[in-house]
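Take a look at the structure below.
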Amino acid sequence: MSSAQRVVITPGEPAGIGPDLVVQLAQRAWPIELVVCADGALLTERAAMLGLPLSLLPYSPDVPAAPQPAGTLTLLPVSLRAPAIPGQLTVENGPYVVETLARACDGCLNGEFAALITGPVHKGVINDAGIPFTGHTEFFEERSQAKKVVMMLATEELRVALATTHLPLRAIADAITPALLHEVIAILHHDLRTKFGIAEPRILVCGLNPHAGEGGHMGTEEIDTIIPVLDELRAQGMKLNGPLPADTLFQPKYLDNADAVLAMYHDQGLPVLKYQGFGRGVNITLGLPFIRTSVDHGTALELAGRGKADVGSFITALNLAIKMIVNTQ
């Protein structure tokens with residue numbers, strides 16, 4: 001990077017491991033400025049529990065970004081609504097979590113931050129607080145007024161994007177329409193080029209049905225919907241291979257010649273990726289007007305404040321965000 005950049009981090013659920021992981025991030029120097037949108041006392045208390053040094057530096061958007069020294073974080077303060085006790089969810093803090101996400105998102109939209117990295121939230125407690133919340137992806141899509149976003153998870157070796165996300169199985173076949181596939185593949189192709197620096201992305205596309213429909217004997221969605229869309233997009237120059245049976249696609253024969261996989265639904269593509277690299281994976285939201293990465297795990301309430309949480313996924317998410325910033329410059 002030609003000059004230091006500034007990214008914003010949201011720790012997520014205050015009773016979970018998110019604050020622990022953010023404190024652990026601070027134990028090394030970073031070539032970018034890490035602005036944490038959180039309650040300062042929460043981070044200080046959690047650092048003391050973990051026995052780790054932490055100094056909080058004031059955030060000033062008018063001061064040029066600078067590399068982050070080890071043992072420090074730059075604080076963009078948002079106040080807790082109630083005390084946060086490790087491992088104990090508090091409905092009163094649901095609005096706090098949403099406020100951190102909103103402030104971080106708005107900062108990316110107005111150019112304050114080059115990327116957003118999110119820690120794990122607890123969707124249930126946010127909804128229990130009376131705030132409808134499906135997840136980070138949908139929240140940022142709505143707040144940024146993005147036309148459409150695509151969820152992609154990645155490890156060092158594998159990228160898997162999803163045509164549909166949090167839908168029950170009985171609804172998926174109806175959701176796989178030509179319009180949806182055109183939109184999802186266009187976003188995936190565009191962001192692989194612009195945010196990952198891949199000049200001509202090669203995308204493997206899963207079929208929907210077992211054996212990719214077996215020529216129509218196990219479902220006709222491939223023949224009626226998926227194949228016509230892929231043919232149209234290939235004619236435009238996209239490098240698409242599929243539809244392929246999901247049970248044989250995830251092997252070196254195919255993956256060695258691909259930059260990403262498009263799965264038709266959540267549990268078709270993600271079990272393979274998480275088996276291969278759980279704890280090292282990153283969740284990326286494609287289609288947003290800014291870079292957003294996230295850890296691939298939950299709040300792990302039982303580990304909060306105990307010094308046993310693994311910071312690996314957070315480090316990977318932050319490093320990937322840095323690479324994506326470089327690719328977009």
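Including glycine, each Cβ sits where the backbone N, Cα and C put it.
DSSP assigns Lys274 (substrate binding site) to a helical segment in the three-state reduction. Just so you know, the Cβ of Lys274 (substrate binding site) picks up 17 other Cβ atoms within 10 Å once every protein chain is counted. Annotation comment: Swiss-Prot describes His136, Thr137, Lys274, Asn283, Arg292 as substrate binding site.
Note: His211 (divalent metal cation binding site) has non-local neighbours Met218, Pro245, Asp247, i.e. same-chain residues 6+ apart with C-beta under 8 A of its own C-beta. The annotation divalent metal cation binding site is assigned in Swiss-Prot to His166, His211, His266.
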Task: Compile a sequence-ordered list of residues in the same chain as His266 (divalent metal cation binding site), six or more apart from it, whose Cβ lies below 8 A from its Cβ; state 'none' when nothing qualifies.
output: Leu162, Thr164, Thr165, His166, Leu167
Intrachain C-beta neighbours of Thr137 (substrate binding site), sequence separation six or more, cut-off 8 angstroms: Val149, Met151, Thr165, Thr285
Query: Taking DSSP three-state, what's His166 (divalent metal cation binding site) in: helix, strand or coil?
result: coil
